[in-house]
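Asker: Here it is, the structure in full.
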Amino acid sequence: MKKISLPKIGIRPVIDGRRMGVRESLEEQTMNMAKATAALLTEKLRHACGAAVECVISDTCIAGMAEAAACEEKFSSQNVGLTITVTPCWCYGSETIDMDPTRPKAIWGFNGTERPGAVYLAAALAAHSQKGIPAFSIYGHDVQDADDTSIPADVEEKLLRFARAGLAVASMKGKSYLSLGGVSMGIAGSIVDHNFFESWLGMKVQAVDMTELRRRIDQKIYDEAELEMALTWADKNFRYGEDENNKQYQRNAEQSRAVLRESLLMAMCIRDMMQGNSKLADIGRVEESLGYNAIAAGFQGQRHWTDQYPNGDTAEAILNSSFDWNGVREPFVVATENDSLNGVAMLMGHQLTGTAQVFADVRTYWSPEAIERVTGHKLDGLAEHGIIHLINSGSAALDGSCKQRDSEGNPTMKPHWEISQQEADACLAATEWCPAIHEYFRGGGYSSRFLTEGGVPFTMTRVNIIKGLGPVLQIAEGWSVELPKDVHDILNKRTNSTWPTTWFAPRLTGKGPFTDVYSVMANWGANHGVLTIGHVGADFITLASMLRIPVCMHNVEETKVYRPSAWAAHGMDIEGQDYRACQNYGPLYKR
């Protein structure tokens, strides 16, 4: 099939239409603003897949209805998914604005004294508010000279934040969530809500029974040569941890090999179901070769699959990572236990950063007193107020070991286009594969085990659905924490020492859900969460406002909160504004 084109950013230079001197004097300055904006975005941003971001600039400056319509025709033909309107001067507000109701939009009004760019910005935003089409305001803090073509740092920050979030919105639209299986062990996030995906994200849900995965494996609907390559890769790179099962449940070498083979096959087949694979057409499986156009997926696993077949831990861990037997590549988004709401948080994080996402149980709050009682160790540094144990049976991306390095040599998780093969190998070397515990997984499997390096900034997120309200987003910025090995071992063995662990310390504010670490744990809305590298909560907030998903919990500095200008008309408290505005406007793709 022809690859679906990536969304582009549309740049709309608007201008005062009065001829005989006014428009003529502004043409060059206005178009240069558009070109400078496009240059910034193409230099600083990439799509989550790693491709360069493209900007489309209107053929002419826009002074009124006719030129606005011509611009819209061009944008419609080039898959423009978000727009930025720029101007240094007064223009005719409602005559020049972008009226597309679902396309994210921002307006940059140049802060200068010669021409009233700020006046147009205010007039245009008033029109957006009155018409119920919210837009983001960009206005520099300091006055610039008319001939100053630079983009101030505060303007650049807003342009980039808007564009990152807008590209995420546009990239999700029209894609699907592959629900492989049904409800896992009564977990509410795996009660997949089609209306949520359709109305808030512009996505479809493809529901497929797990027997389809069984069929593909049993009928060899996969690339057999690739399977051999995957097995060779695993033989070279997998280190195996101890088998903690009772003797009667331990598998011999032949049985273990069969479990590994099926685990790798599951990864291949889930990937093929998500994105398709032309190799399947070569073996006469044309229908299966197309895939389901899935930008994210979830696998139920427990218990209807895992009671008799290998669990999804190996497949999910490999798919969620930025590398496999084919080398470094874009990570997939696959939610364990088909927790679609955690899958959406993973999808948001990946679209905003291009990085792999760490899926985890929000398992245990350890107070400083409890840790000292159990281990004799007194917490200090980032961990002094207590920590949260983030751990799951193995679906976390191996990037979460943080064996990659930033430009200053610090541990991190990088966008896949920056990861070297050596860094991928280091993540693999830091991971052990432990036989699944029989009591949980009767069909066997392998769980990845690694320990996240400490001192790494992370943002933990989660989407929940509240009856009568709709979706809400939770955000907690913080850091991974490194404990002394003996302390980690004692605490880890109290849970499950064969699973990957991140010790997480959220940043506290002393208020509300961030009064203390216990309050963060107590206010978390579900049993799962996602770790995204960096303190990127502000980007999540902007993205959520575009989708009309209110944020019910965050610890982002107020100065970094960036939402459409119309939110300010919904009260004086910015979080109350968010709830009222999201309720007022309703989901982005209203149904």
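For all residues, glycine too, the Cβ spot is worked out from N, Cα and C.
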Asker: Using only what Swiss-Prot says about Mn(2+) binding by E337, D361, identify which of H194, H528, H535 is listed for that site too.
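Answerer: Answer per Swiss-Prot: H528.
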Asker: Measuring Cα to Cα, how far is E337 (active site, proton acceptor) from H528 (Mn(2+) binding site) in Å?
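Answerer: Each residue's Cα considered, E337 (active site, proton acceptor) and H528 (Mn(2+) binding site) end up 10 Å apart.
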Asker: Does D361 (active site, proton acceptor) have same-chain partners at least 6 apart in sequence with Cβ under 8 Å from its own Cβ, and which are they?
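Answerer: In sequence order, L390, I391, N392, N527, H528 meet the Cβ cut-off.
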Asker: Around the Mn(2+) site recorded as E337, D361, H528, what other same-chain residues have a C-beta within 8 angstroms of the site's C-beta center?
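Answerer: Checked against the 8 Å cutoff, the neighbours are I187, G189, T336, D339, N342, F359, A360, N392, A526, N527.
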Asker: Suppose we draw a 10 Å sphere around the Cβ of H528 (Mn(2+) binding site). How many other Cβ atoms does it contain, all chains included?
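Answerer: Counting Cβ neighbours of H528 (Mn(2+) binding site) within 10 Å gives 25.
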